[in-house]
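Encoded as C-alpha cells, the structure appears first; notes follow it.
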Amino acid sequence: MAELDADLDHIIPSSVLSPFWAKLVVGFVSLVCFARSYDGDFVFDDSEAIINNKDLQSETPLGDLWHHDFWGSRLSSNTSHKSYRPLTVLTFRINYYLSGGFHPVGFHVVNILLHGGISILMLDVFSVLFGGLQYTSKGRRAHLAPRASLLATLLFAVHPVHTECVAGVVGRADLLCALFFLLSFLGYCQAFKESNKERTHFSTFWVLLSIFLGAVAMLCKEQGITVLGLNAVFDILVIGKFNILETVQKVLHKNKSLENIGALRNGGLLFRMTLLTLGGTSMLYVRWKIMGTGPPAFTEVDNPASFADSVLVRAINYNYYYSLNAWLLLCPWWLCFDWSMGCIPLIKSVGDWRVIALAALWLCLIGLMFQALCSEDGCKRRILTLGLGFLVIPFLPASNLFFRVGFVVAERVLYLPSAGYCMLLTFGFGALSRHTKKKVHYNIGKNLADQGNQTAAIRYYREAVRLNPKYIHAMNNLGNILKERNELQEAEELLSLAVQIQPDFAAAWMNLGIVQNSLKRFEAAEQSYRTAIKHRRKYPDCYYNLGRLYADLNRHVDALNAWRNATVLKPEHSLAWNNMIILLDNTGNLAQAEAVGREALELIPNDHSLMFSLANVLGKAQKYKESEALFLKAIKANPNVASYHGNLAVLYHRWGHLDSAKKHYEISLQLDPVAAGTKENYSLLRRKLEQMHRKDG
C-alpha cells in the first residue's frame, strides 16, 4: 500500500494530506460540481414522488408512511410499485414542512449537501479499503493510504454519473441509502478496533449497530441491505486474511490442515456471519410481510429483455446492460434520465456487433478477478477484491438476477457501485504511473545495479528512500547490494524496515534471512525464511537458502528436505540439486548422491556444474569411465574452470592415467596458479613420475 501511495505522490501534494484539509477539499469540490442544480425545478419522477404524493402533507398521518410505497400508494395494493422507502419519504415531508410547500430549492439543497457529506465520509471508507484495518499500540490506524484515498474520493465526488441522484430530487433515496450504507460499513470496521496481530477481538455492539444501520439504509432504498454482503466479504478477506486460491488448492490436494479456515473460526467469523445472516434474513422477512403481495408487475416497455422467451437472449441482453453500466462509469459522455421505451434495442442473435461489448466487459472482469485471487501481493489481492466487491455487490439488486426490475439502465443505481470503480481506477492509475515514470531514482539505481555499478546504484537507491521513506522495493534492492558488499548491519536495518512496512513482502523476508545467516543469527534467519515461505508458498529460492542455513547448522536431513522442496517447485533449480549432491557426497552417501545427480541431469541435461558434481561422486565410486566422460563434457561446456581440470586430473591420478593427469593439473594451475590442493597433488604426481623414470633408467 505504501508503494501505491508513493506512485501518486506527483498527483496529490502533501499539503492536502492531513485529514482536515483532505475533507475540506473533498467537501468543497463535491459541492461546487453540483451547486448549479440548486435552483432546478421538480422534474420527471419528482412530480409523482413529491408533488402528487399525499404522504408529504400534514393531513396524512405519519404512521401511514410505513404502509405506503415511495409514491404514496398502499403497499398491499396490486398496483403498488412496491418501492418501500419510508425514511426517504419522511425527509421529503420534513422538506415540505420547512419550506412551507412545494418549493424545490430546499429539496435540491438537501441533496447537494447529502452528496457532499457522503463524499467526505467516502474518504474514511477508501482509507480502510486501501490501507487495511491495522491499529498501532495507541489505537490509531496504521497505513491510512492518504494519497490513494483522496484521489479515489475526488473521483467519486465529481463523477458525472451521479447527476441523476444529486440533481433529481427523487435521487435522495440513493443518497440516503449510500449514507447509511457507508455508516454501516464504518461501524463494522469499528468493531475490530481492539484487534491485534496475535488475536482478533471484536465488539458485538458495533456489529449489531452495523446491522441496524444496514436496515436503516434499506428503509431509504432497497439496495441498502447489500451492505451486509460487503461487510461479510470485508470480514473474511481483511479481518480473517482469507486466501481463496490457497484454500482451493489445499482442498484440491486434500490437505487436511486448512489453516486459513481454522484461523477464521478462531477469530469468531462464524459468529459474525451468523449475526449478518440473521440480520439480513430478518430484514427480508419483514420487508416481504410489509409488502403483502407478490413482486410488482412490470410491462415489457419497462424491461424488454426480461420478457424475451429465450434464456440465451435474456442472458445476452442482461450482460449487454451490464456493459452499458460499465461504460457509463468509464466514459459518462451521454447520460439519460430514462432508458426505457426502446432506447436500447434487444440483441436477438450472437451476430449482433454489440456482443463485442459483452466480451470486453467479461475479459476485464476475469482479468481483475484473476489478479484478485492469484496475486502474491496481499495488498493487491485485498484492494482488487474489495474494489470488485464495492462495484458488484450494491449493483446486484438491479442486475435482474434475482427478480425482474422495472428499468433497462438507471444511472441512479450506480451511485454506490461507482465507489468500487473509483477504487479500481485509482489502483490502476497508480500501477500505470509506476510503470511509466522515467528517470526516477529507483529505476536509475536498478539499471546501474544491473550494469554492475554498485556504488552509483547505492547513491540513487538512498535518494529514492529519502524521497519516499516507505519505498520498500528500493529498501530491498539497497539491502541486497549492501549485503553483497558485506555491510550487513545497515542491510539488516533496511530489510527489517521493509518487512515492518509491508509484512507480507516475501522477497524482503528472504533477503533479511540471508543477512541474519551471515551475521550468525541462525534462529532469526530461520524465522525470516519461514515467514517468507508463509507469504509466498511457492518460493524455491527461499527453500534453497533455508537449506543452506540448515547445512551450516549440520542439520543435514532438514537441509536435504529444503533443497528437495526447491527442486519440486522449480525442477531446473541447479544450485539446489548441486547442494544435495555435494552434501550427500560429503557425508559418504555416494549411492544416494549418484541417484540425485542422475535425476538432476535428466531434468537439466546441459548443466555443466551438475556434470561436474556427479563426476566427482562417480570417481569416488570408482566408476572411472563414466566419471571421465562427465568431466570432459563439463570441460567442453565451460573449459576455463580450474576445478574441472583439477578434479579430472585427480581422477586420472587415481586411475593410473598419469600423463593425462599431468596435462590437466597443468591446465588447472594455469587457470588458477594459487590453488593449494592442485599444487600439492601436482607435486606428488611429479615425484611419482620422476621415481618411475629413475626405475626405468
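Glycine is treated like the rest: Cβ placed from N, Cα and C.
All annotation found in TrEMBL is predicted automatically rather than curated by experts.
For 20-38, 112-132, 144-163, 169-189, 201-219, 225-248, 355-374, 386-407, 413-432, the entry in TrEMBL reads transmembrane segment. Summarising the annotation, TrEMBL assigns domain 'DUF1736' to 294-366. According to TrEMBL, the feature repeat 'TPR' maps to 438-471, 472-505, 506-539, 540-573, 642-675.
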Item to check | Residue numbers, six or more beyond the limits of the transmembrane segment (355-374), whose CB comes under 8 Å of its CB atoms | outcome: 244-245, 316, 319-320, 322-324, 326-327, 347, 380-381, 384-385, 387-388, 424
Next on the checklist: Can you work out whether the transmembrane segment (144-163) touches the transmembrane segment (112-132), with the criterion being 3+ CB pairs under 8 Å where the paired residues are 6 or more apart along the chain?
Outcome noted: yes
Item to check | Cβ-Cβ under 8 Å with the transmembrane segment (169-189): same-chain residues at least 6 beyond its ends | outcome: 42, 44-46, 49-50, 70, 85, 87-88, 91-92, 104, 107-108, 110-111, 114-115, 117-118, 121-122, 124-125, 128, 133, 206-207, 209-211, 213-214, 216-218, 220-221, 223-224, 226-228, 230-231, 234-235, 394, 412-413, 415-416
Checklist entry - What stretch in 20-38, 201-219, 225-248 has the biggest tally of Cβ pairs under 8 Å against the transmembrane segment (112-132)? => result 20-38
Checklist entry - Per DSSP, how many helix, strand and coil residues does the domain 'DUF1736' (294-366) have? => result 36 helix, 0 strand, 37 coil
Checklist entry - Taking contact to mean three or more C-beta pairs under 8 angstroms, with sequence separation of 6 or more, is the transmembrane segment (201-219) in contact with the transmembrane segment (225-248)? => result yes
Checklist outcome for this item: Secondary structure of the repeat 'TPR' (540-573) by DSSP, residue by residue, totals 27 helix, 0 strand, 7 coil
Item to check | Long-range environment of the transmembrane segment (20-38) - Cβ separation under 8 angstroms, sequence gap at least 6 | outcome: 105, 108-109, 111-113, 115-117, 119-120, 122-123, 146, 149-150, 153-154, 157-158, 162-163, 166-167
Checklist entry - Would you list the DSSP helix, strand and coil counts for the residues of the repeat 'TPR' (506-539)? => result 27 helix, 0 strand, 7 coil
